[in-house]
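In TrEMBL this protein carries:
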BINDING   His162, His260  substrate binding site
BINDING   Asp179, Asp190, Glu316  divalent metal cation 1 binding site
BINDING   Asp190, His253, Glu285, Glu316  divalent metal cation 2 binding site
DOMAIN    97-323  domain 'Peptidase M24'
REGION    71-97  region 'Disordered'
Amino acid sequence: MAMCGAAGLASLRRAAMVVRHPPRLAANRQFWNLAKGFGLGFATPKPLHNRPPLKPGKVAPKLSVPAHIRKPPYADRGDFPPWADRSQVHGEEGKRRMRASGRLAARVLEYAGSLVRPGITTDEIDKAVHAMIVENGAYPSPLNYGKFPKSVCTSVNECVCHGIPDDRPLEEGDILNIDVTVYLDGYHGDTSRMFFVGEVDPAARQLVEVTQQCLEEAIKKCGPGVPYNVIGKTIQTIADKHKYGVIRDYVGHGVGQSFHSHPTIFHYKNSQSGVMQLGETFTIEPMIVQGGTKCDTWRDNWTVVTKDRGLAAQFEHTLLITEAGAEIMTKLD
């Protein structure tokens, strides 16, 4: 589950500022509007895809978790825990528990994907995911994290991340990211991937395939002593080659006993300091878009969509840094 990085906080501050335009700029805008009215070559931008605009649906009440299930500290309070400032480095017992939570997250995600079809609602997917997680003795990590109301994130079409499951039926041609995190035996396993709803447009399919390539190539670069910023450089290079944008406001993160911690993983070219440590766990989760990288957040304070309505895609794995490179902890056996 991606979190808002420093760039995202800066965007929020900028959005809160009142901008007063000087008279000359106002006059220029009047000319621009007049020119468009006379058809002087200022064409309306061509839509990036043919999908209907995403709109908020009805959100059902959050589901309950049996009392015997071990919960993370925020589960009852609904707060945002402080971002832990140290990497989560594990001994053998910690690795064992991380592997268990990662395997369960992978199985749940695979099951969720098997439900994807035209006509099903993301709320129905949420209920199925919730049931499978608690049946396996785990807690759905997104539930009540910062008061997030559901047990899984479902992001459709132009939704970049943190989509809240609702009563909107999936439609033929949609693309969907399902983001699953489970808290099992005191450890979080975090993963997501894209799914096609029936037949999709070739441009949408290419976006999804390139995004998956971005994640896979970034994982290949990981290992002890490797700078964190190699990840962003690798992803940006691939995205640039295909003329896609890389979302900057949301990042990968350390994961383990804490849902989110150091390191912050930027998915674009950056000069971040620090290197990967043996035994450390973190996520890589690039969000790649068709058009511009500017985003809007809905009034629910969670759903993030592209400002220009370009399609978005995301893939995510939890990784363990090993002597051989990186072990993918959320990969199906």
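A Cβ is built for glycine as well, from the same backbone N, Cα and C atoms used for every other residue.
Just so you know, TrEMBL annotations never went through curation; they're auto-generated.
Annotated features, which come from TrEMBL, shown on the structure.
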residue: His162; record: substrate binding site; Cβ within 10 Å: 25
residue: Asp179; record: divalent metal cation 1 binding site; Cβ within 10 Å: 25
residue: Asp190; record: divalent metal cation 1 binding site; Cβ within 10 Å: 31
residue: His253; record: divalent metal cation 2 binding site; Cβ within 10 Å: 25
residue: His260; record: substrate binding site; Cβ within 10 Å: 23
residue: Glu285; record: divalent metal cation 2 binding site; Cβ within 10 Å: 29
residue: Glu316; record: divalent metal cation 1 binding site; Cβ within 10 Å: 25
- Within 8 Å of the Cβ centroid of Asp190, His253, Glu285, Glu316, the other same-chain residues by Cβ around the recorded divalent metal cation 2 site are Met1, Ala2, Asp179, Thr191, Ser192, Gly252, Val255, Phe282, Thr283, Ile284, His317, Thr318
- Message: Could you check which of the binding-site residues His162, Asp190, His260, Glu316 is the closest Cα neighbour of Glu285 (divalent metal cation 2 binding site)?
- Response: Glu316
- Tell me, in order along the sequence, which binding-site residues from Asp179, His253, Glu316 have their CA within 10 Å of His260 (substrate binding site). His253
- Task: Measure from the CA atom of His253 (divalent metal cation 2 binding site) to the CA atom of Glu316 (divalent metal cation 1 binding site) and give the result in Å, rounded to a whole number.
- Result: 11
- Task: Would you list, in sequence order, the residues of this chain other than Asp179, Asp190, Glu316 that have their CB within 8 A of the centroid of the site's CB atoms, where the site is the one recorded for divalent metal cation 1?
- Result: Met1, Ala2, Ala105, Cys153, Val180, Thr181, Thr191, Ser192, Thr283, Glu285, His317, Thr318, Thr330
- Could you tell me the C-alpha distance between His253 (divalent metal cation 2 binding site) and Asp179 (divalent metal cation 1 binding site) in angstrom, no decimals? 14
